[in-house]
Amino acid sequence: MEKSRPLWDNPLQFVFACISYAVGLGNVWRFPYLCQMYGGGGFLIPYFIMLIVEGMPLLYLELAVGQRMRRGSIGAWKTISPYLCGVGVASVVVSFFLSMYYNVINAWAFWYLFHSFQDPLPWASCPPNSNRTSYEAECARTSPTQYFWYRRTLNIAPSLEASGGLQWEQALCLTLAWLMVYLCILRGTESTGKVVYVTASLPYCVLIIYLVRGLTLHGAVNGLIYMFTPKLEQLANPKAWISAATQIFFSLGLGFGSLIAFASYNKPSNNCERHAVVVSLINSATSIFASIVTFSIYGFKATFNYESCINKVILLLTNAFDLEEGSLTADTLGAVRARLAAAHPHQYAELLPQLKNCSLEAELDTAVQGTGLAFIVYSEAIKNMEVPQLYSVLYFTMLLMLGIGSMLGNTAAILTPLTDSKFIATHLPKEVISGLVCFINCIIGLTFTMEAGNYWFDIFNDYAATLSLLLIVLVETIAVCYIYGIRRFEKDLQTMIGHKPSWYWKIMWAFASPLLIISLFIFYITDYILTGTLQYQAWDATQGQLVMKDYPGYALAVIGLLVATSTMCIPLGALVTFISRRLKRENISTVA
């Protein structure tokens, strides 16, 4: 008899949970970067093709498996075949790795949110030095926003080897972030189901406010023109297609087990096909919407920096050559520079190192993603807005909601298989299991609040999931189509939603999606091999910029361990099942 299982209150609550999980920080800080890198509006062509070929079919498959098997990732794949138990274990391991470091982003969001109530904002200008005669030397070499991020927030070490001590402010913020996650998941779907309404809807409210404000900013049009001007030559670049496929794959959260966990709390008659399409389209629409907001901010920031650069050059030339004030403008700058260089070659040559080549296009071409976009570029733009405290509070509240929403999915992927276990569930109440998972993750996560913690964060972010998830989803599609059987799966879907899946879904599941995943897998393996020695970006305080350094041997060992730990779960799970079944048969034959 099937164990009684809590359910979502209604299908809308399930959709909100999926949106809260899928629509995350990647929509805000990675998709705009990819548009910037791979052809602006032209990037939408490979992006939507990959959504149709890969995103919607694989999301539908995971939702259908969870809803049909009514188990977390381990139980669901074990039901399909005992030899597939390792697939579920691999998903739990990857989700555990993700939870270990992902909540640090929420800790940073709390840190910035707390500082957003100051007037002026602490990243608006450089702090004075100890003598109060000038600015802090490191800040003077870079910018106030970078200084606040790298020195005040991270207090970053010069390299991975110089691990440094624990940053107690960040440790407290991380503890607060985990406490918030624990309160949200305390009673399972009963508490999570109410929280997702907030975490899914509030970011859209903030994005709308930012859109209205962004479109009214000086220079916003420059950013939007840059975004929507397609560079069709990028369609011939294989990396544009690979990046589009990868963005779809990770933004929907495929392979982590979270979607299977969420779907397992659905009623058996829930229309998972419709919900897969709805969630996919909302996720992609959010990426485009967030990009419009981001590029309006980009345009404002780039125009502000460009005009500041122009004004500095005008001031230098006016003072150096004793020009009449107001005689030199942005429009006449090029012609005047050429005339001055011809008339006063020696004096102009001495001044030349101080004269920057100001370019709006170069400012717009500066590609930033991840934490650099979230905590530096946006902070830079916010400080130049009117009432910056208001927009700072709104922005970092939005980041916090996006991060918490994703964490609800990550923890569900871990907790659902644990609470499905009869042994664990009979010995520990759900609240204790949730508390232990949060406590263990929080203790391990303190590593990322050390002075070298950001370097470890990048290691986990770059290597903990990519190859593992590709292998997990590849095995999932093969398992459903060729082990469980596509026709058997068809009948299950007909029982659940009232009709069989169309030829489109079956072709994608059986052929197109697996081939695409194999291609991605080969690309990443080849890319790792061709890269040679793996490197990371370290902050050099003496230069006020990031420099490339080789990973030390122990860091490479950790990278290898991260990849191997999750990927090896799949063959090891099959091997353990085979050996245990073999031993069981031998024991039965011996008794007989």
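Each residue, glycine too, has its Cβ placed from N, Cα and C.
TrEMBL labels come from automatic prediction, so no person has curated them.
Looking at 194-215, 436-457, the stretch flagged in TrEMBL as transmembrane segment turns out to be 436-457. On its own chain, Asn283 (Na(+) binding site) has Ile19, Ala22, Val23, Asn27, Gly55, Ser251, Leu252 as residues at least 6 apart in sequence with a Cβ closer than 8 Å to its own Cβ. Residues 58, 61-62, 65, 77, 80-81, 84, 87, 90-91, 93-94, 97-98, 101, 246, 249-250, 254-256, 506, 509-510, 513-514, 517-518, 520-521, 524-525, 559, 562-563, 566-567, 570 of the same chain, all 6+ positions outside the transmembrane segment (463-486), place their C-beta atoms under 8 angstroms from a C-beta of that stretch.
Within 8 Å of the centroid of the Cβ atoms of Ala22, Val23, Asn27, Ser251, Asn283, Leu402, Ser406, where the record puts Na(+), the same chain has further Cβ atoms from Ile19, Tyr21, Gly24, Leu25, Gly26, Leu252, Gly253, Thr286, Ser287, Gly405. Its own atom aside, the Cβ of Ser251 (Na(+) binding site) has 23 Cβ atoms within 10 angstroms in the protein chains shown.
Of the recorded ranges 12-31, 82-102, 168-186, 277-298, 507-526, the transmembrane segment (436-457) has the largest number of C-beta contacts under 8 angstroms with 168-186.
Counted over residue pairs 6 or more apart, the CB atoms of the transmembrane segment (43-61) and the transmembrane segment (554-579) come under 8 Å in fewer than three pairs, which marks the two as apart. A Cβ distance under 8 Å defines the sequence-distant neighbours of the transmembrane segment (82-102), meaning residues of its chain 6+ beyond its ends; these are 72-76, 255-258, 260, 403, 406-407, 410-411, 413-414, 417, 437, 441, 444-445, 448, 456-457, 460-461, 464-465, 468-469, 471-472, 475-476, 479, 483, 562, 565-567, 569-574, 576-578, 581.
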